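**Student:** Attaching a single structure in structure tokens format; questions to follow.
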């Protein structure tokens, strides 16, 4: 597996473009193929998700995606649904395809009527600029940003020559079961839509569903995976799954790292859990805890808060068996060993200081009550998170 | 029911005192009677809770409570358990009672050995100053404070002449199922311990379990209820329950209002839910949401985030039926009516501005899918929450 540049445009046959002249942004991605989607589990579900889910259920295929930022088209009733359908229809008209082959996505403020006129006014500029060059990828990735500070993209080439590439956005309202998170992933592999569906669900559970910024699940999350088949290669499914998970892990970490106000990425690696579910509960509880998150912001290796989070996660935990270390990938400091606190000597304090100052802090927890493991990602809780969310308005 | 001053010391026969010369504080409450307790559901449970739970299980009675602040005696292994037993034994010796009639509570940092020597050195000062005057109540309430900024107390007299009074502490690590929250409640009613137990559980579910500061469940939470019987009145249980819930509601709101860094109290009133559980899920999701909490800090009536929280709470929600209003008790502004957004005219904007500037912001949600209701309390998320928790160290 080789890491590539170019995101979705490194996948044969994918063209894209986007504009973001102000608060509103518009992105279009064109590439026909079998497709699958994963949607928010929030029971208040935004109009574009209904339109896209219907399209996938009907066809198992997508020909293109139209996505806007600046307005979530959520909680907008029948009118919102008509607006989302209108978005599909506008793009379908330009491309000369059926409008039920169009995926529609929106992100931004909730409860405001979408300005479809703006989309209609700007669609030509986007469609005329569609390109398979890397610029197409980065323009589309930027057009869907809201409070994101950087565009998010990833691509790999598998040994069979197949490519998988994706773009994503997401910064606030991120939590297991999808935040205001959009992910558009493409591959030139030949894969049936039911296989895509199961691959995507499995990969999302390990990646996008394991990131937490603030614990708020959005009304608008979706991840779409389209397989164009342009490579004419039917992949080994294990290798394809591995490649897909690698792309989604990469994008998920980019989202966590760009969490609103974040200064560092937190990775919680949990092993020794009784079940996979338990391992995930503990990993997510750690990266969700405001106390752990603000400790990491303060460069404080506050393992007591980590242990407390494990304890209330709902998972089976035996406090006499827990081991815990902080790491930055190169250095590692064990603070609790089998329930016993390791006293901090000068050498360890030096290590801890360098670890806690790193841009990525890894928290390793061994529950030692079983064989399951899981990893979750989050970010620190900072003054800027509060500022961004106290000032951003509906 | 008449609201009284004096907290626990308004209950006949209760004497208390406390000192807090520095980071460590020590409080003692003396009053013998049938007793019941509710403890944290965190699976990492601190040593004093084990000692107190054992005492209650054995006797169904308490003669006194010893509580320290500054060190949680949590995650301290066998040694911590011995230290908690030693605390009980120190007080038992001074009072001349069995040590298994002593409730023990601790709050503060996790994973540090408790300095029992300090407690031994200071117990005489506290025991010699025990008093049934209001000063005893306020000294004890202050001695158990950690990041609390104000002592918390409440008392009522029922029509039968019975008194119920309580003190509490709690500021961070507060969430449903108990935060680093201690509550000590006394009554002079004659009540058996099994009745106390069921009354307390019922009341805690409606009060302390409905407050959220940061969603972190502590290792040390406990609420103890002791009935001295000094009034020689066996109460009408409905009236007693009502009085108890009134005290616990009062204390719970005091804790939420004094949440770390908080500038205002948030009260989420949910009705029209399919079940009580659903109503509680929605109410707690609203006050737990960092996005709602930071919007309230920013005086932003961001109803979209409230609706999103209801949607991901896990409760049955139909977005076409939701109604939502912000209120400060006197003024009220309906922003969503049966799924329809109410456009904000000048009059409403004026009302909203005064509501959002109030020290207590009430969010009223009618799900309109059933008949159950629940109320939860929380506080806004502020720069100071981050500062306090980035700087406070283990």
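First residue shown is number 1, and so on along the chain.
Every residue gets a Cβ built from N, Cα and C, even glycine.
According to TrEMBL, the protein carries these features:
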ACT_SITE  A:180  active site, nucleophile
BINDING   A:146, A:169, A:180, A:260, A:389, A:394  substrate binding site
**Student:** Sub-8 Å Cβ contact with chain B: please pick out which of the binding-site residues A:146, A:169, A:260, A:389 have it.
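**Tutor:** Qualifying residues, whose Cβ lies under 8 Å from chain B: A:389.
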**Student:** If you count the other Cβ atoms within 10 Å of each Cβ, which of the binding-site residues A:146, A:389 comes out on top?
**Tutor:** A:389
**Student:** For a quick check of packing: other C-beta atoms within 10 Å of the C-beta of residue A:169 (substrate binding site), how many?
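**Tutor:** Counting Cβ neighbours of residue A:169 (substrate binding site) within 10 Å gives 30.
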**Student:** Helix, strand or coil by DSSP: which one applies to residue A:169 (substrate binding site)?
**Tutor:** strand
**Student:** Within 10 Å of the Cβ of residue A:260 (substrate binding site), how many other Cβ atoms are there?
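**Tutor:** So the Cβ neighbour count for residue A:260 (substrate binding site) comes to 28.
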